């Protein structure tokens, strides 16, 4: 059975709108755990636009499930990851002008650099994931780099303007999942997934985790974090193993 990991970055976004102390993403993370999430995700961006260093320090010390740390492949983030010792790091691309991550990491041509970058993290027992598009060459590069997981970017699927385009993206993602699995990579999915479009993956076997943040926190405004997380956990619980 696949599992749910909740991204609490959007709680930090609301807090930073007033540069205050609430809502606290650390408190939100604990509530997500109590509601059934098996992992908490935070992305510490280089510009610190939402999550702050204080947040990841506290999360790493307080959560009872797994902490998945999203980060750019910079020296600063590598040192932070080595210090806080998350369950996994997920390398993602960053552009300062983007509102949110717009696409997958380009691994092609970076195999040597990223292999060397991840080496000290692997030596410490930290798992690794690469956030990539469902592209055959990217998947092959991820395998060459030695990542344990790939998180396949589902944003183009989620944002497709028509059902036919969405189906085409779905096919591309499913092909990417199968190829990743054939190469021995574990597969997570994330970006833009919500309570409706996630149903398209109900019969797709072998997905380890779904990484979901925005849609859960959006629903939480109306029904609360506990109910919003439990609703998503219940949907995923019925998916293929």
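Cβ from N, Cα, C; glycine included.
The feature active site, proton acceptor is assigned by Swiss-Prot to 43, 70, with sequence analysis given as support. Look at Swiss-Prot and you will find 191 tagged as active site, proton donor, backed by sequence analysis. Under the heading 3-amino-2-oxopropyl phosphate binding site, Swiss-Prot lists 7, 18, 192, 213, 214, citing sequence analysis as support. The 1-deoxy-D-xylulose 5-phosphate binding site annotation in Swiss-Prot covers 9, 10, 45, 50, 100. According to Swiss-Prot, the site 'Transition state stabilizer' annotation covers 151.
Structure with Swiss-Prot features highlighted.
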{"residue": "7", "record": "3-amino-2-oxopropyl phosphate binding site", "contacts (Cβ under 8 Å, 6+ apart)": "40, 41, 42, 43, 70, 190, 211, 212, 213, 214"}
{"residue": "18", "record": "3-amino-2-oxopropyl phosphate binding site", "contacts (Cβ under 8 Å, 6+ apart)": "none"}
{"residue": "45", "record": "1-deoxy-D-xylulose 5-phosphate binding site", "contacts (Cβ under 8 Å, 6+ apart)": "51, 72, 94"}
{"residue": "50", "record": "1-deoxy-D-xylulose 5-phosphate binding site", "contacts (Cβ under 8 Å, 6+ apart)": "9, 10, 12, 13, 15, 16, 43"}
{"residue": "151", "record": "site 'Transition state stabilizer'", "contacts (Cβ under 8 Å, 6+ apart)": "90, 129, 130, 131, 132, 187, 188, 189, 190, 211"}
{"residue": "192", "record": "3-amino-2-oxopropyl phosphate binding site", "contacts (Cβ under 8 Å, 6+ apart)": "154, 155, 157, 158, 159, 214"}
When DSSP states are folded down to helix, strand and coil, where does residue 10 (1-deoxy-D-xylulose 5-phosphate binding site) land?
helix
For the recorded positions 9, 70, the one whose C-beta sees the most other C-beta atoms within 10 angstroms
70
The one of 43, 191, 214 whose CB sees the fewest other CB atoms within 10 Å, among these recorded positions
214
For residue 213 (3-amino-2-oxopropyl phosphate binding site), the number of neighbouring Cβ atoms whose distance to its own Cβ is within 10 Å equals 24
Within 10 A of the CB of residue 10 (1-deoxy-D-xylulose 5-phosphate binding site), the number of other CB atoms across every chain shown is 20
